There are 2 protein chains.
Amino acid sequence: MLTVNGQRLWNSLMDMAEVGATAAGGNCRLALSAEDFAGRALFADWCHQAGMSLDTDAIGNLFARRAGRTPQAEPVVMGSHLDTQPAGGRFDGTYGVLAGLEVVRSLNDAGITTDRPLEIAVWTNEEGARFTPAMLGSATFCGVVPLADALAIEDAQGISVATALAGQAGNLPLGRRFAAYFEAHIEQGPILEQAGLPIGVVTGGQAICWLDVLVSGRPAHAGTTPMRLRRDALFAASTMISQLEQLANAFGPHGLVTVGQLLIPGASRNTVPGQVRFTVDLRHPQDAQIHAMEESTRRVLQQLAAQRGLTVNIQQHWFSAATPFDRDCIAAVRQAVTALGYPHQEMVSGAGHDAIHLARHCPSAMIFVPCVDGLSHNEAEDALPDDLRMGADVLLGAVLAQAGGQTIPTVSSWASST
Amino acid sequence: MLTVNGQRLWNSLMDMAEVGATAAGGNCRLALSAEDFAGRALFADWCHQAGMSLDTDAIGNLFARRAGRTPQAEPVVMGSHLDTQPAGGRFDGTYGVLAGLEVVRSLNDAGITTDRPLEIAVWTNEEGARFTPAMLGSATFCGVVPLADALAIEDAQGISVATALAGQAGNLPLGRRFAAYFEAHIEQGPILEQAGLPIGVVTGGQAICWLDVLVSGRPAHAGTTPMRLRRDALFAASTMISQLEQLANAFGPHGLVTVGQLLIPGASRNTVPGQVRFTVDLRHPQDAQIHAMEESTRRVLQQLAAQRGLTVNIQQHWFSAATPFDRDCIAAVRQAVTALGYPHQEMVSGAGHDAIHLARHCPSAMIFVPCVDGLSHNEAEDALPDDLRMGADVLLGAVLAQAGGQTIPTVSSWASST
């Protein structure tokens with residue numbers, strides 16, 4: 001069975017990590033910065049060397065194309081992003097792009113031409129660190145954000161996306177049809193590492209419900225107010241948050257509950273908090289369950305507030321439905337990993353990815369590989385060369401299946417494939 | 001039995017409230033500001049009119065003196081402060097000073113000369129709103145803060161106490177001996193109002209223990225980290241804070257527990273909190289109990305952290321032992337309020353007052369009157385004229401008892417005393 005060259009993939013990852021390298025071993029290539037353009041230029045050089053053509057669309061998404069036997073056929077697309085967090089790692093996004101490149105190089109080595117054209121997409125501003133929202137390039141491509149709105153978005157210095165593109169936008173149409181989209185990515189979580197598995201077959205993205213909670217009691221002097229006369233908003237909020245932890249268990253193992261921000265307006269060490277604001281982040285792979293989680297949250301918080309004679313106001317800040325990936329694309333990944341004999345499990349994506357937008361545009365799926373300690377968005381982000389190689393092998397197999405390539409012979413052991 | 005003129009007291013309170021009046025009906029006389037000096041000047045005028053002499057000490061504490069039959073005897077001192085919070089009320093501090101003035105005026109009306117001299121003290125910078133710490137003038141007088149240190153303290157604009165005194169400091173010695181010190185004050189809490197009582201006989205100040213708590217878990221991505229692999233510092237802190245509420249009940253009704261500040265460093269809506277800092281304010285009238293409360297707090301927090309595989313660091317930020325007031329001074333207050341027939345209860349002071357410093361310098365006690373809704377440090381701070389009058393009556397009775405005045409006839413009803 002055809003596999004990639006793991007050492008070449010690793011070398012390219014390390015070469016790309018020299019662009020915008022930080023002192024602590026990470027990367028800083030903010031979207032559409034000089035470092036980001038330098039990274040794209042290095043990638044473009046490699047694509048040209050691999051015989052690919054390059055073009056961009058109006059939001060600066062970069063596409064490298066390898067011709068297929070049927071030029072008019074919709075392409076099978078691999079990809080991710082090359083921009084990073086300000087103190088980002090070497091693999092988030094970059095891996096998906098360079099795994100795509102390694103797939104093309106490996107096909108070149110093997111002399112294989114697929115039926116459909118292949119493309120590698122580099123999506124603009126995935127991180128959202130410079131321009132908000134994140135995943136802007138894929139959102140614009142998929143019609144989620146209108147182009148004019150996207151171009152007008154400004155960074156903290158007042159520089160617009162249009163200005164930052166600096167003539168690097170091209171004429172490839174937005175919303176072109178793809179036969180399939182595959183994105184390989186580090187997991188950015190601890191599940192695969194904990195399970196000792198090199199591959200996650202990603203079946204979709206979670207539903208997310210963000211709530212803003214305001215608990216209102218009565219401020220009071222910490223020294224002069226008897227406990228029985230207090231309406232302490234923090235004691236109430238603490239009970240609420242403890243109940244939310246229980247709620248996560250009730251919806252386990254797939255339900256996730258996080259209270260990431262908590263603020264006491266006008267907080268003072270010797271004042272009983274009169275108000276507390278906190279956020280709730282609810283996640284579940286199933287829409288029916290996320291709705292049940294939101295309803296339970298609202299009921300529990302209202303009950304606890306009423307018991308204490310306090311009030312609670314709960315606003316939905318944002319809701320994103322679950323994103324199931326395409327059955328055939330998932331099957332292609334599953335068949336590839338099974339044929340390769342690599343240990344794996346099915347899982348949902350906990351983080352946002354360009355593939356979440358693409359999934360509403362064309363058949364899509366993702367492949368996860370472990371990252372060390374589940375760490376990402378961090379200069380210490382790390383991944384093992386063998387895991388990265390196996391992920392690219394699976395990408396190659398899935399792409400070949402969807403693009404109409406060669407018959408793939410099986411190999412006896414996944415450990416000997418570099 | 002001799003009583004004060006409640007209407008005159010109220011009129012003086014309202015006249016003083018014109019000095020540094022705020023649009024919302026409160027007062028702004030920051031310590032040693034032009035408004036504070038204007039308030040002192042108005043008070044000095046009234047004292048001169050009442051036949052008193054005035055002088056200041058090196059930290060600007062202002063003393064008005066009424067001669068006694070025994071000029072060399074240590075004086076009986078009444079007092080409080082005239083400075084306010086930036087958005088303060090009309091009664092906090094001012095009441096104790098003007099109740100003292102009303103006592104003197106009433107003695108003048110009755111033609112009574114006491115054995116001991118009487119003084120009214122206006123302590124500098126009680127609020128601590130301009131210069132930290134609070135109660136600076138009484139602390140310096142009592143030797144708790146060295147004079148040179150006190151004079152060097154700067155406000156937020158870099159103006160020192162020495163500069164702000166602007167030549168208004170005088171030569172009265174710090175630490176002069178007093179026969180007794182009585183401070184009348186609004187309660188700044190809801191106890192008397194809730195109980196429907198006009199007078200609180202204050203037996204001392206609470207012990208206070210301030211702790212700084214740091215809970216350390218592990219930050220994680222809210223979407224990619226299964227609940228079972230999280231070490232969420234906020235879920236842990238919420239459980240701890242709920243347990244602290246239980247601890248307050250266990251030390252009730254006199255034990256008080258407040259968590260006034262809580263901070264999640266680097267908080268983000270979709271990040272599992274890796275660290276949480278919070279403060280703990282423990283109070284109890286008895287030193288043995290405050291120590292037990294601190295020990296229980298430490299034990300409970302350590303246990304809860306250990307159960308979750310997190311760590312907790314607990315630092316004592318400040319400790320102030322309980323301040324019992326003088327037995328004879330308390331008895332003088334108790335006898336006065338009983339003789340007057342005013343409903344009352346004994347209580348401890350929950351807030352800090354100049355009397356807390358004075359109690360370590362000379363025999364001291366306090367008299368509380370209710371404030372509306374227990375509200376203080378607020379422009380809406382309010383008190384009822386009848387309550388203020390009754391408090392001044394009690395002050396008069398207690399001062400006469402300690403200063404060696406007239407025999408006091410009893411009256412039949414406290415309701416007819418204005």
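Backbone N, Cα and C define each Cβ position, glycine as well.
Pulled from TrEMBL, these are the features on record:
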BINDING   B:His81, B:Asp92, B:His185  Zn(2+) 1 binding site
BINDING   B:Asp92, B:Glu127, B:His377  Zn(2+) 2 binding site
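Distribution of TrEMBL features across the structure.
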residue	record	CB count, 10 Å
B:His81	Zn(2+) 1 binding site	31
B:Asp92	Zn(2+) 1 binding site	27
B:Glu127	Zn(2+) 2 binding site	21
B:His185	Zn(2+) 1 binding site	28
B:His377	Zn(2+) 2 binding site	19
C-alpha spacing of B:Glu127 (Zn(2+) 2 binding site) relative to B:His81 (Zn(2+) 1 binding site), in angstrom: 8
Alpha-carbon distance [B:Glu127 (Zn(2+) 2 binding site); B:Asp92 (Zn(2+) 1 binding site)] in Å: 9
Neighbours of B:Asp92, B:Glu127, B:His377 excl. site residues, C-beta within 8 Å of centre, Zn(2+) 2: B:Thr84, B:Gln85, B:Gly88, B:Gly89, B:Gly93, B:Glu126, B:Ala129, B:Gln188, B:Ser376
Rounded to the nearest Å - Cα separation of B:Glu127 (Zn(2+) 2 binding site) and B:His185 (Zn(2+) 1 binding site): 14
Cα distance (Å, whole number) from B:His377 (Zn(2+) 2 binding site) to B:His185 (Zn(2+) 1 binding site): 13
Zn(2+) 1 site, defined by B:His81, B:Asp92, B:His185: further same-chain residues with Cβ within 8 Å of the Cβ centre: B:Ser80, B:Phe91, B:Gly93, B:Thr94, B:Tyr95, B:Gly96, B:Glu126, B:Ile186, B:His353
For B:His81 (Zn(2+) 1 binding site): DSSP state (helix, strand, coil): coil
